[in-house]
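Database features, via TrEMBL:
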BINDING   Asp128, Glu153, Lys183, Asp187  substrate binding site
BINDING   154-156, Asn188, 217-224, Glu240, Asn275, 296-298, Asn343, His350  NAD(+) binding site
DOMAIN    188-349  domain 'S-adenosyl-L-homocysteine hydrolase NAD binding'
Amino acid sequence: MTTTLQSIIRDAALAPEGKLKIDWVQAHMPVLNRIREEFERDQPFKGLRVAISLHLEAKTAYLAKVVKAGGAEVVITGSNPLSTQDDVCAALAEEGITVFAKYNPDAAEYKDLLVKTLETKPDLIIDDGGDLVTILHSERRDLLPQIRGGAEETTTGILRLKAMEKDGSLQFPMVAVNDAFCKYLFDNRYGTGQSVWDGINRTTNLVVAGKTVVVNGYGWCGKGVAMRAKGLGANVVVTEVDAIRAVEAYMDGFTVLSMADAAKVGEFYVTVTGNKDVIRGEHIANMKDGAILSNAGHFDVEVNLVELAEMSVSKRTVRRNIEEYLLKDGRKIYVIAEGRLVNLAAGDGHPAEIMDMTFALQAMSLRYVNENYKEMGKQVIKVPYHLDEQVARTKLESLGISIDTLSAEQKAYLESWAAH
Ligand code: NAD
Ligand code: SAH
């Protein structure tokens, strides 16, 4: 292993501002603080290099510091060209972490920074949406042998990993962090629920109450986005392709429509499906003048921006992170943050207390894979239940909440088939 490499960042002078941001979140991440103490004591990553690709803002920076505290040499890059914060990168680089990331690189540079991260020959990886895994399993297979395993952050990344596992392509174990209870129940639902509206509100500075919000997809993220839209006073419409989730949305009190119908009524749209072309030309053709489109799902594929551009006579930036498309018939359609994750590209992402649990799971999963990779096989691995429970217990403790325990009699009663 070599020593810390030269970082590639926008501006080292931004470090003091980034450091303040990291200090603020650290004070609100008690579960991760506890893990940092364990890591400092046990040094689980001593002598290893860890490559991280995550939304490079303050909470992620603190995770990187915790992994470093565990003895690792950390190399970090972004996981979305618009979610990297240059001041946070500068602060991390000052802390002896190698940073290959900038806000808004072009597509080639974004890719190059990911590749450079992998060229440092990490032993372990943390991925978000599968960027690192895809490069390792396609054009840079030469970098595969050193990798022991890693952990994946998000729903779509895990879908991709499962497809790779199924056809035998996956070359090392990856822990499915998203599928842990303390991840999707809180991060996808309450994290996305709050941070999407934070992103939309701070970007548009428009009222939500009384307006019609269309939420595309009623999965864990969609439930949170719809719930919080209701709390802001919107009329909420949900679209789905899954019959059970559509009934769930209906029973939760939302109007369920096909996208063809929802296209006619929405003032705000939020896609959260992980799918492509959820909003496309045929929908935009029927939208209200002034409709605002945003995505909180995967990359920039959920809103078909190519079709929108083809229907438009011009496009201009009308406010930071808002583009106005002038359609041939005179209507205007607005798109936030180029159709990339609105909560991260036009905001700071999920709050610290939410990422506290997610990143505690990431840190523990990385340790788990490092300690067990030889026996794991080239598979997608579940986060062990006891780690999930440990996060919940530490969270409760930090909140000063105690819960009850089963008596021996109650436990026996629950486990007995003959009990009445
Ligand atoms: P999920 O699988 O729980 O839900 C996705 C839902 O979308 C499903 O119910 C599915 O039936 C529905 N869907 C699929 N195609 C559709 C279509 N064409 N029209 C309407 N509905 C459709 O997944 P999730 O955990 O809610 O995650 C959704 C996406 O958000 C993923 O890409 C995930 O990686 C991403 N994500 C983003 C954030 C964030 O911070 N913005 C946080 C977590 C997850
Ligand atoms: N990289 C892809 C994949 C979606 S990322 C993309 O940019 O489209 C979605 C993940 O972002 C979620 O699983 C969530 O855990 C993570 N996330 C949300 N807020 C975050 C924050 N403040 N910092 C780091 N990651 C965050």
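Cβ atoms are placed via backbone N, Cα and C, with glycine included.
Annotated features, which come from TrEMBL, shown on the structure.
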| residue | record | Cβ contacts under 8 Å, 6 or more apart |
| --- | --- | --- |
| Asp128 | substrate binding site | Ser53, Leu54, His55, Ser79, Glu152, Glu153, Thr154, Gly157 |
| Lys183 | substrate binding site | Val177, Met357, Thr358, Leu361, Val383 |
| Asp187 | substrate binding site | Asn178, His350, Ile354, Met355, Met357, Thr358 |
| Asn188 | NAD(+) binding site | Thr155, Asn178, Gly219, Trp220, Cys221, Gly224 |
| Gly222 | NAD(+) binding site | Val215, Asn216, Val238, Ala249, Val272, Thr273 |
| Glu240 | NAD(+) binding site | Gly217, Tyr218, Ala246, Ala249, Val256 |
Which number gives the other C-beta atoms within 10 angstroms of the C-beta of Glu153 (substrate binding site), all protein chains shown included?
28
How many other Cβ atoms are found within 10 Å of the Cβ atom of Gly297 (NAD(+) binding site), counting all protein chains shown?
29
When you average the Cβ positions of Asp128, Glu153, Lys183, Asp187 for the substrate site, which other residues in that chain have a Cβ within 8 Å of that mean position?
Glu152, Thr154, Val177, Asn178, Asn188, Thr358, Gln362
Thr154, Gly219, His350: which of these binding-site residues has the sparsest Cβ neighbourhood within 10 Å?
Gly219
Roughly where does the domain 'S-adenosyl-L-homocysteine hydrolase NAD binding' (188-349) sit in mean pLDDT, to the nearest integer?
98
List those of the binding-site residues Glu153, Lys183, Glu240 whose Cβ lies under 6 Å from any atom of ligand 1, in sequence order, or write none if there are none.
Glu240
Among the binding-site residues Lys183, Gly219, Gly222, Glu240, Gly297, which have a Cβ atom lying under 6 Å from any atom of ligand 2?
none
